[in-house]
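Q: Pulled from TrEMBL, these are the listed features:
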BINDING   B:CYS643, B:CYS649, B:CYS683, B:CYS687  [4Fe-4S] cluster binding site
BINDING   B:CYS687  siroheme binding site
DOMAIN    B:10-303  domain 'FAD/NAD(P)-binding'
DOMAIN    B:323-387  domain 'NADH-rubredoxin oxidoreductase C-terminal'
DOMAIN    B:426-472  domain 'BFD-like [2Fe-2S]-binding'
DOMAIN    B:562-624  domain 'Nitrite/Sulfite reductase ferredoxin-like'
DOMAIN    B:634-758  domain 'Nitrite/sulphite reductase 4Fe-4S'
Amino acid sequence: MTTATAEDLTTSNDWQPLCTRDDLVAHSGIAARIEPRDGPAQVAIFYLPGHAPELYAIDHHDPFSGANVIARGIVGDVAGEPVVASPLYKQHFRLRDGQCIEDEQVKLRTWRVALRNGHVMVQV
Amino acid sequence: MKASNATSQDLIIVGNGMVGHHLVEQLIERGAHRHYRIRVFGEERHLAYDRVHLSEYFSGRDADDLALSTADYYAEHGIELHLHEAVTDIDRDARELVTPQGRYAYDRLVLATGSYPFVPPIPGGDRDGCLVYRTLDDLDAIREAARSATTGVVVGGGLLGLEAANALRGLDLDTAVVEFAPRLMPMQVDNEGGELLREKIEALGVQVLTDRATQHIEDGDTSRHRMVFQDDKRLETDLIVFSAGIRPRDELARNAGLEMGERGGVVIDDRCLTSDPAILAVGEVALWQGSIFGLVAPGYQMAKAAADTLCGGELTFEGADMSTKLKLLGVDVGAIGDAHGDRSPGARQFRYVDQIKQEYRKLVVSSDGKKLLGAMLVGDNATYDTLMQYYANGLELPADPASLILPSVEGAPALGPDALPETAWICSCHNVTKGAICEAIDAGCNDLGAVKGATKASTGCGGCAALLKSVVDSELEARGVEVDQSICEHFAHTRQALYSIVRVEGIKTFGELIEKHGHGLGCDICKPAVASILASCFNEPITDAAHVPLQDTNDTFMANMQKNGTYSVVPRIPGGEITPSKLRVLGEVGEKYGLYTKITGGQRVDLFGARLEQLPDIWAELIEAGFETGHAYGKATRTVKSCVGSTWCRYGVQDSVGMAIHLENRYKGLRSPHKLKFAVSGCTRECAEAQSKDVGVIATEHGWNLYVCGNGGMRPRHAELFATDLDDGTLIRYIDRFLMFYVRTADRLQRTSVWRENLEGGLDYLKEVVIDDSLGLGDELERQMQTVIDNYECEWAGALSDPEKLKRFRSFVNDERPDPDIIVTEERGQLRPA
């Protein structure tokens, strides 16, 4: 799951604010840096207004090119499942769980993400 | 030895060449390996290999590549394989086969011993370095001998001789072909065709000597051997390969007392039985109705009949067509049926000769002109498949048969796959008819690969590949398995249909289009395609909120993403003309931001290595200096390349730079199904290479010649001359119409070259639409182009003036530091990705 209830946010302290709603780009992605316990990471946040869930947090690092570019890919769906296409070599990754459609060995990290009082929060 | 299983019979196949192996496959297909204990004997070390493509052994294919099968395949089916074990005798009384290794009992025996190369009885023909061309071991010997040779001669100018000559060329020997007959390939071509063939082969650097009978071979002065001919002419060479025909390997049969032909060959009947019904023969050792068949396709048909006979079937060998399609030394040669026209009384001929392109085509037709009896092709086999269908299926010829061999002009009759009868032969190697292909499709094969797997069609010589594909496509379509033309899963429409919908309904956003005519979220196929259509129609800024999520990253950030996630920047330099001070600005910007700098093929400057967050600052400086965006990132007008033209050049006849700048400024910002490249040359010397562009303009004394639909890149295509001596206004009007017609009708990501090749009616149709306005679209196309031109604005200037748009140009929303993973190193004084 990538969404959280309000209760989670108040009872847990590993939720980190990244940006405001205004920083999001509808039907597209932005990138942010986070510091989870296992070391620094870059996260791509995708915003699909009107879709459930609306927000997805997935690794910004593209394992096929080695470049940090996933947030700059085109968002779409494959048979109803939201995906992002890497802008370099066009592999598709499921936004829900990071699974690569073309290569079942490859899966991107995902994080829980939520909107709280106009702030985009990620659980690191 | 006795069979271990009392219920099964012993079947022995002598010979493991192409036909022997095909027999094994045919037997397995019929399940015969479950009733027979099968043993296969091969004299060579190698398992059956592809002898048709033997000369490729010297151009990269090794024995494994040429192999037709594997030892595992034989083992899996319980077939005992005895390679490198020559059979010495057949003991018909004991029904045993004798080899140096032992005796093997048989109930049925098949001779597939093939043939050996004929070496004419010439004194000295057995000298060291006089070789033959038949087996892989022969090729190894040739290769070995070639190590100490610089020249080589092939004796024999037939099919195999020219193959051998190709092999010698592959070994970098100066090669000559010596033929006894007055022309090359005397069986397949006539004098006129033979002369053309000689010219083509000589042009490849191979010396051709016809009408030469070698009298003897002796020590040479400058080379290892000297060949002496009938008229006392001489030829010195280091290496000689005999390829003067084949003779059946029939000594086993002869010694066993089987009925033989007068000039060799084991006599077989229609079921491939020899005079001893326990023994069959197939391939080049077998003599059927007085003929030996020296091609693989008839051999395969015999193998099929023999397999059927051994399994109690009724299939017979009914002779074979000796039509052939070859590529010898890169030269196409084709012969169909009675190619010489000397076997058909009353036959009439059509002949076409092009001595410039070196093509020769001949048709032999029945006296009433309705049936094709034979054909001969030299230099171009493009018409072979069609002619073969007319011949093999007895189809009635078109009213003007000559049209079949004349150079292709628009409207020449084409024989579509649906016009072929069920009995039409598609693959003659594996004897596959159109009917068999239809059966395979009905049995569930729904693509080309599956059909090939099921029928083996096109897995022999491969000559029928194109025909097979067209038949499969046509049949699949007829069954409703049509190739889905939908652009993607979100729209059941083609790009052209979406273009019309957008125009007719005036739809201006992707959201509205997918809501009304599609479903889902869209994807990386339909989103950029629709973005392109919207831009072609309305030319709204692609960075607008409604459009930006549709764009590929290059369009989104108006720069070209490179492999490390940084971008390159290409400002527009119309016509390649730039002032020194603007050129200096490019240098300063490149230096300031540490950008790797390179000159492009389109007369521009490409600045590499800009991080996302640097792009706005870079562009602020470029726009300040008067630059505009160059759309190097878009499926859009790229550049108009030019030569310096009449302004400076002593040869120039028009101002090509002026025209190039005018064109570039007119069409800049036009988005299209794919990128568009232009060029203008100031004279016929064509220094701007306009004939390799989508739109090429070449100056004449009287105006401009317009060329269209050229392409460089992966599949180069020469642009075609579209109109001549145009004045400026007409030139622009034609280009307007041409480009908009392309934008309207092309598929997504289809360059003008491919679009043109798929355009029904071809260039003539395009001229009718653009020049004659046959569709009455001229004004509309021009108006649409004017809309695009009127709505042009520099996308970068627009983005820089809008803080909301600039927000996107951040590598991270929560951190201003650059991406730590972008690491560069220095090379030749510039930075590049580490």
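Every residue gets a Cβ built from N, Cα and C, even glycine.
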Q: Run through the domain 'BFD-like [2Fe-2S]-binding' (B:426-472) and tell me, per DSSP, how many residues are helix, strand and coil.
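A: Grouping H, G, I as helix and E, B as strand yields 25 helix, 4 strand, 18 coil.
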Q: Radius 10 Å, atoms counted are CB only; among the binding-site residues B:CYS643, B:CYS649, B:CYS683, B:CYS687, which position scores highest?
A: B:CYS643
Q: Looking only at the domain 'NADH-rubredoxin oxidoreductase C-terminal' (B:323-387), what are its DSSP counts of helix, strand and coil residues?
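A: Split by secondary structure, the domain 'NADH-rubredoxin oxidoreductase C-terminal' (B:323-387) comes out as 4 helix, 33 strand, 28 coil.
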Q: For the [4Fe-4S] cluster site (B:CYS643, B:CYS649, B:CYS683, B:CYS687), what does the 8 A shell look like? I mean other same-chain residues with CB within 8 A of the CB centroid.
A: B:VAL644, B:GLY645, B:TYR651, B:GLY652, B:SER656, B:SER681, B:GLY682, B:ARG685, B:GLU686, B:ALA688
Q: Could you tell me the mean pLDDT the prediction assigns to the domain 'Nitrite/sulphite reductase 4Fe-4S' (B:634-758)?
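A: Mean pLDDT across the domain 'Nitrite/sulphite reductase 4Fe-4S' (B:634-758) comes out at 94.
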Q: Using DSSP reduced to three states, classify B:CYS687 ([4Fe-4S] cluster binding site) as helix, strand or coil.
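A: Assignment for B:CYS687 ([4Fe-4S] cluster binding site) reads coil.
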Q: Across the domain 'Nitrite/Sulfite reductase ferredoxin-like' (B:562-624), what are the DSSP residue counts per state (helix, strand, coil)?
A: 29 helix, 14 strand, 20 coil
